Ligand SMILES: O=C(O)c1cc(=O)[nH]c(=O)n1[C@@H]1O[C@H](COP(=O)(O)O)[C@@H](O)[C@H]1O
């Protein structure tokens with residue numbers, strides 16, 4: 001069975017991205033390419049990374065009016081991403097059109113509440129609910145809109161999965177016990193995320209900033 005770990009290759013440098021993927025390719029289940037990589041390297045960069053033969057998770061967190069998001073997704077067809085992110089906060093019509101615009105081999109998943117936000121940050125943007133309640137609310141919206149799943153923290157994935165047993169659950173913001181949090185605020189360990197029901201976990205800096213990324217990926221795999 002392939003690993004549930006997607007490595008977040010967050011770098012603008014294609015050479016570095018290829019080096020990292022080459023080092024960890026046997027101990028991860030897929031490659032996540034996000035805004036930092038895509039803004040620097042575009043389609044060409046994604047196609048180069050696809051040569052490793054691992055599924056590509058294109059994390060562009062699209063969030064705009066429905067027509068713009070749908071057209072953007074059509075322009076990504078050629079990249080055949082296995083997973084693509086949009087923001088749930090874009091609303092029902094945007095989510096429906098995003099799914100309709102995606103290729104049949106692409107799972108479209110909605111980011112609910114970023115793992116870098118806590119209750120205070122949510123209040124700042126006018127959300128008075130706790131993170132868990134907001135994730136539950138947006139999980140229902142994503143399911144109703146016909147998406148494939150959601151992105152949430154490991155603290156909420158258990159409850160989200162109860163609401164949507166057939167959903168696909170992406171959990172980023174995971175940290176090995178004692179690992180540096182950086183800008184992440186709602187973190188759990190990789191094992192806790194899997195036990196709670198994650199379909200895949202996303203791990204970036206704990207692997208990419210390690211002195212030996214392959215060893216770090218193996219160590220995480222060994223805990224699962
Ligand atoms: O959609 C995501 O992947 C995502 C959603 C979220 O709520 N939090 C989050 O950290 N991510 C992504 O997951 C990765 C986490 O990286 P590290 O914090 O370095 O492990 C980054 O690439 C983020 O863009």
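Here the Cβ of each residue, glycine as well, is placed from N, Cα and C on the backbone.
Automatic prediction, not curation, is the source of TrEMBL annotations.
TrEMBL annotations:
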| type | residues | note |
| --- | --- | --- |
| DOMAIN | 4-220 | domain 'Orotidine 5'-phosphate decarboxylase' |
| BINDING | 10, 32, 115, 175, 184, 204, 205 | substrate binding site |
| ACT_SITE | 59 | active site, for OMPdecase activity |
| ACT_SITE | 61 | active site, for OMPdecase activity |
| ACT_SITE | 64 | active site, for OMPdecase activity |
Report task. Based on Cβ atoms within 10 Å, give me the single least packed residue among the binding-site residues 115, 184. Result -> 184
**Report entry** Neighbourhood of ligand 1 - recorded positions from 64, 115, 175, 184, 204 with Cβ under 6 Å
**Finding:** 115, 184, 204
Report summary line: Within 10 A of the CB of residue 10 (substrate binding site), the number of other CB atoms across every chain shown is 18
**Report entry** List of residues, in chain order, with Cβ under 8 A from that of residue 64 (active site, for OMPdecase activity) and at least 6 apart
**Finding:** 72, 90, 94
Query raised in the report: To the nearest whole angstrom, what is the C-alpha distance linking residue 204 (substrate binding site) and residue 61 (active site, for OMPdecase activity)?
Result: 16
Requested in this report: Provide the number of Cβ atoms within 10 Å of the Cβ of residue 32 (substrate binding site), excluding the reference atom itself.
Outcome: 26
Report summary line: Per DSSP (three-state), residue 64 (active site, for OMPdecase activity) is coil
Query raised in the report: C-alpha of residue 61 (active site, for OMPdecase activity) to C-alpha of residue 205 (substrate binding site): distance in Å?
Result: 19
